[in-house]
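Report on the structure given below.
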């Protein structure tokens, strides 16, 4: 009986540990009303050190981001411009687990395949039309895609490769995205694979993509611009 009770307790402990790990496997929850990021602190923590609440002002929660203004979509070859409002730009976001982005798309522009390692994304189209989608993890690699029109909403699960493309050759598009992290991060697949510093061996990439090394060399020679600002 004692052995059975011990086994039950151990199983219970394992279940609780797994549930607890999942509960904290995102941005830490706030333990006070706010924890405005102190960007001048040299202390290294997972996130940012709290500013003294006595010196916090309304300006710590405000940013004149001008998100109503169109962005330049000619600054890169992919034809998009992502304006991210995260904790580095708005200190009041610290520990609140949320950020925001405006995304502008040129005609036939795209926000290329990328992932957010620390956030789920919910996107709504403000103007134009977008073809969007995400791909599930191995081994299915199933594509979930949809054409979105003005006012439509789509969700991209955390960590999965996703994209947005403006199929209209004449009109731009605009979207707003909410992300479930104060610092969601972004890994653009093409930039990471072919534009890493230092470069990944062309032997490795030629084998992975089943192409000749000269094709990999050509891709690595391209200028992989960032569409974030």
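The backbone N, Cα and C atoms fix where each Cβ goes, glycine too.
Under 8 Å, Cβ to Cβ, and six or more positions away along its own chain, residue 111 (oxalate binding site) finds 78, 80, 82, 103, 105, 163, 164, 165, 227. The oxalate binding site annotation in TrEMBL covers 111, 116, 121.
Residues or ranges marked as Mn(2+) binding site by TrEMBL: 114, 116, 121, 162.
Summed and averaged per residue, pLDDT over the domain 'Cupin type-1' (73-217) gives 97. What TrEMBL records for 73-217 is domain 'Cupin type-1'.
Marked as signal peptide by TrEMBL: 1-25.
Compute the center of the Cβ atoms of 111, 116, 121, which mark the site for oxalate; besides them, the chain residues with Cβ within 8 Å of that center are 101, 114, 115, 119, 123, 156, 162, 177, 179, 184, 186. Separation of the C-alpha atoms of residue 114 (Mn(2+) binding site) and residue 121 (oxalate binding site): 12 Å, rounded to the nearest whole number. Cα-Cα distance from residue 162 (Mn(2+) binding site) to residue 116 (oxalate binding site): 9 Å (rounded to the nearest whole number).
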